[in-house]
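Below is one structure, written out as structure tokens; comments come after it.
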Amino acid sequence: MIEEQRTMSVEGADQQSEKLFHYLKKVAVELDETRARLREYEQRATEPVAVVGIGCRFPGGVDGPDGLWDVVSAGRDVVSEFPTDRGWDVEGLYDPDPDAEGKTYTRWGAFLDDATGFDAGFFGIAPSEVLAMDPQQRLMLEVSWEALEHAGIDPLSLRGSATGVYTGIFAASYGNRDTGGLQGYGLTGTSISVASGRVSYVLGLQGPAVSVDTACSSSLVAIHWAMSSLRSGECDLALAGGVTVMGLPSIFVGFSRQRGLAADGRCKAFAAAADGTGWGEGAGVVVLERLSDARRLGHSVLAVVRGSAVNQDGASNGLTAPNGLAQQRVIQVALANAGLSAADVDVVEAHGTATTLGDPIEAQALLSTYGQGGPAEQPLWVGSIKSNMGHTQAAAGVAGVIKMVQAMRHGVMPATLHVDEPSPRVDWTSGAVSVLTEAREWSVDGRPRRAAVSSFGISGTNAHLILEEAPVPAPAEAPVEASESTGGRGRRWCRG
């Protein structure tokens, strides 16, 4: 009897041990799976985002990324006199006296050719509705389509997909015009929220559609949000960028009162001769995708966005006054988000508006971050596309991104125009930072080319983004042949 009880006790213990073993084995497997999911989440949260397509329109006849590169690589200045086809009282607007009421002391800006042109039939929009549509909405439809074609993606294939649209836009002067007789389309035609929503509607996209207004930093903030959405899994593809079309000359009049404009309309970024900003306009969209997805789907990678950050000036010297410490912080956070150090970045496409207050503050922030610790013979290079085509406002950030993507692909850092000599308002000896007064070959030793882009909004919202050249050489750009599904638009709109 005692022996039987002992045997039963041993068997019971063995069964308990076996149960415990299987339980612990199950827990170990679940723990491994949890760790794997956590690693995947952490990797996705910091995964580089690929730029797989670009669409844009800018002054000087720029109708694609190759056109923009032609302008900046040739050192062209595309500023011109006020257009005569917008109904502006060009002669009556001008007065050299900055205090003249309702006048502007400049006749110059950088303007789009045929800013109101639009293929309404292709997009299936009735003529009566098109008349009520802000040209900015029309442009976003066209450059979004072009950007997808540039990426080799049939726009109509995305219907029902988790594709997001993030549009930087803040000027809505078209809505101030007489909209009588437009049959109720005025509200949707001039709403900045619809600039994103209309792209999603026309293409049938079901990811987030967000219009971003942080003034001059709008398009870079839009790209930052698109990156965050991709990394979180909220969307699988994103169209991000910005647009500005000056339907009325009110921004010239307003900034003339503040004496913030250059009389000749030229942005002389970081120059001793800097005397104010010059206004421009344009539209740009980049197609963004998680790098792992771009590789899996065989999409050409034009460049990689390694990291980005957005912050606010807070209580600075004034609502519209830049905050140098906040600019330093946004740079540091963007570098941390990218997993890089300041020494890993070769060039910064600066905000560089050529104002006597803003440029010195921005330069000092760059000197205090990127300019420290590196050899003087290998400085951080600084430039600004605003010297070519003015301050394109809500499209300024994406213009800088496109410029830097193209510069990395061509291996050249373009010159910044109108710099007679570096600004004496900046202590350039406090760090290793130099202005690109001439084009330079972009040579690197055993690592990828990297660039940063800055945008600062007049409301105090700052953005900074870190770009890296594509991990493998991208194939030469070629127009996407139109298919039956694109109705022939591929040949017409994919212009490089």
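Any Cβ shown, glycine's included, is placed from N, Cα and C.
What Swiss-Prot lists as domain 'Ketosynthase family 3 (KS3)' is 46-469, and the listing cites sequence analysis.
Residues annotated as active site, for beta-ketoacyl synthase activity in Swiss-Prot, with sequence analysis given as evidence: CYS216 (among others). Same-chain residues at least 6 positions away in sequence with a Cβ under 8 Å from that of CYS216 (active site, for beta-ketoacyl synthase activity) are, in sequence order, HIS351, THR353, HIS391, GLN393, ALA394, ALA396, GLY397, SER455, PHE456, GLY457, ILE458.
Positions annotated as active site, for beta-ketoacyl synthase activity by Swiss-Prot: HIS351 (among others).
Cβ neighbours within 10 Å of HIS391 (active site, for beta-ketoacyl synthase activity), excluding its own Cβ and spanning all shown chains: 28. If you look up Swiss-Prot, you'll see HIS391 (among others) marked as active site, for beta-ketoacyl synthase activity, on the strength of sequence analysis.
The feature compositional bias 'Low complexity' is assigned by Swiss-Prot to 474-485.
Residues or ranges marked as region 'Disordered' in Swiss-Prot: 474-496.
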Q. Using DSSP and three states only, what is HIS391 (active site, for beta-ketoacyl synthase activity)?
A. strand
Q) Relative to the Cβ position of HIS351 (active site, for beta-ketoacyl synthase activity), how many further Cβ atoms are located within 10 Å? A) 30
**Q.** Three-class DSSP secondary structure - HIS351 (active site, for beta-ketoacyl synthase activity)
**A.** coil
